[in-house]
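To keep things clear, I will list the structure first and then write my remarks on it.
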Amino acid sequence: MIRQRTLKNTIRATGVGLHSGEKVYLTLRPAPVNTGIVFVRTDLDPVVQIAANAEYVTDTTLCTALSRDGVKVATVEHLMSAFAGLGIDNVFVELSAAEVPIMDGSAGPFVFLIQSAGIAEQGAPKKFIRIKREIVVEEDGKEARFLPHNGFKVAFAIDFDHPVFAHQKQTASVDFSTTSFVKEVSRARTFGFMRDLEHLRAQNLALGGSLDNAIVVDDYRIVNEGGLRYEDEFVKHKVLDAIGDLYQLGHSLIGEFRGVKSGHGLNNKLCRALMAQQDAWEIVTFEDDTQTAPISYAAPALA
């Protein structure tokens with residue numbers, strides 16, 4: 001049986017919010033079966049819980065933000081991507097502010113935290129969403145689609161007219177039956193253009209952004225001294241973002257996602273379009289050991 005997963009232990013970290021620039025305390029706690037991923041604003045009295053669900057996504061300006069009853073949690077996508085990549089179903093994410101800390105701009109530090117806490121398998125079958133037919137959303141020359149696929153695959157294309165991108169691979173296709181999320185995707189950092197920074201900061205955005213948590217590109221080159229972590233790090237980060245955005249469906253996917261210049265907003269529209277067409281998907285579990293599951297996760301390492 002493929003079982004639901006949570007953490008073995010509680011684990012804490014501190015970082016800064018990418019957009020707020022504020023210090024944020026993050027605590028990840030184990031949660032019972034069928035809880036899902038739940039964000040908890042512990043700085044509020046009473047505390048407010050917001051489930052990581054596509055219907056609560058209210059703002060997609062440069063990040064994915066959830067809100068409920070006027071309370072917001074922003075920049076959830078990299079942490080959500082780490083949960084998806086490691087197959088974590090149930091966890092409470094406690095935050096001391098309205099934004100998940102940016103860490104190094106990738107999902108890598110969150111993967112490390114989760115692995116350090118340890119992964120515990122639980123006494124209930126893991127639920128998957130299986131895509132049964134194609135769903136497409138399009139907007140301003142961008143598109144996002146789901147297709148049936150016996151596994152989980154993400155393909156993405158970006159198209160930046162910029163000297164740096166002239167030498168970069170702008171497409172990636174990752175089949176997770178043969179590729180490790182941790183090794184090949186999780187360390188890809190968010191990226192931004194120096195020319196946009198002033199404009200963003202005037203809107204109180206990217207106040208915590210720096211060379212420590214993003215790839216920064218000026219008019220001609222990558223500013224970061226260390227260069228790139230992967231030769232296709234830009235498009236790989238878009239894959240990472242998409243995995244986090246799709247995990248707002250509440251379950252791991254059996255299917256293929258294809259994005260062309262898609263961002264958080266279009267990814268969310270695709271999730272909502274899928275949920276609205278109930279003949280396009282089904283919930284499946286793998287309780288019988290004789291069934292060959294199309295998706296497998298690494299055995300939980302001992303913490």
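Backbone N, Cα and C atoms are what each Cβ position is placed from, and that goes for glycine too.
These figures come from a predicted structure and were not determined experimentally.
For the Zn(2+) site, Swiss-Prot gives H237, D241; the one candidate out of H78, H149 that the record lists there too is H78. When the binding-site residues H78, H237, D241 are screened for a C-alpha within 10 angstroms of the C-alpha of H264 (active site, proton donor), the residues that qualify, in sequence order, are D241. Ranking the recorded positions H78, H237, H264 by how many Cβ atoms sit within 10 Å of each one's Cβ puts H78 at the top.
Using the Cβ center of H78, H237, D241 for Zn(2+), the list of other same-chain residues with Cβ within 8 Å runs, in sequence order, E77, S81, G105, S106, A107, A188, R189, T190, K238, V239, L240, G244.
Sequence-distant neighbours of D241 (Zn(2+) binding site) (same chain, 6+ residues apart, CB-CB distance under 8 A): E77, H78, S81, T190, G263, H264, N267.
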